[in-house]
Structure formats: structure tokens, C-alpha cells
């Protein structure tokens with residue numbers, strides 16, 4: 001009986017901690033940096049090329065402008 005009560009209290013405590021962390025995460029304030037390590041991994045895997053770098057698609061370039069004929073990232077939107 002005592003073990004059951006301890007387990008129930010532990011589960012309730014862990015649930016409350018998760019809800020508090022989720023609320024903090026959703027408002028933009030962050031108390032626990034390790035919880036957002038997945039965001040950091042996503043940003044590191046999505047690198048872009050500076051103007052003059054090579055590209056095959058617009059999202060390869062930081063400015064989102066790719067001259068596909070020359071396969072070069074542009075600094076500004078191309079003039080048509």
C-alpha cells in the first residue's frame with residue numbers, strides 16, 4: 001500500500017515537472033537549456049551558402065536567391 005502511494009506521488013510530481021517545462025518552453029523563456037538541444041541540432045544541420053557560394057536550389061542560399069544557370073548564390077533578388 002505504501003509503495004503504491006509513493007509511486008502515485010512520484011508520477012504526479014514528474015507530470016507536474018513536465019507541464020511546467022512545457023509552459024516555460026511555449027512562452028519563450030527557457031529554464032533548462034538541455035531540453036532544447038534538438039533545436040540546436042536542427043539549426044546546425046541547415047547551413048546556408050553566402051553570396052557567391054554554390055547552389056542548386058534557392059534554399060541553399062542564405063539570401064534565398066540562387067542563379068540556377070550559373071549555380072551561384074546571389075546577394076539580391078535577380079532583376080528580370
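Including glycine, each Cβ sits where the backbone N, Cα and C put it.
Note that the structure is a prediction, hence the values are computed from the model and not measured.
Annotation note: residue 62 (disulfide bond) sits in a coil segment as assigned by DSSP. Look at Swiss-Prot and you will find 48-62 (among others) tagged as disulfide bond, backed by similarity to another entry.
According to its DSSP assignment, residue 55 (disulfide bond) is coil. When Cβ atoms from all protein chains are considered, those within 10 Å of residue 55 (disulfide bond) total 20, not counting its own. According to Swiss-Prot, the disulfide bond annotation covers 55-66 (among others).
The 10 Å shell around the Cβ of residue 61 (disulfide bond) contains 22 further Cβ atoms across the protein chains shown. As annotated by Swiss-Prot, disulfide bond applies to 61-73 (among others).
Summarising the annotation, Swiss-Prot assigns signal peptide to 1-22 and lists sequence analysis as the type of evidence.
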(request) Looking only at C-alpha atoms, tell me how far residue 61 (disulfide bond) is from residue 48 (disulfide bond), rounded to the nearest Å. (result) 5
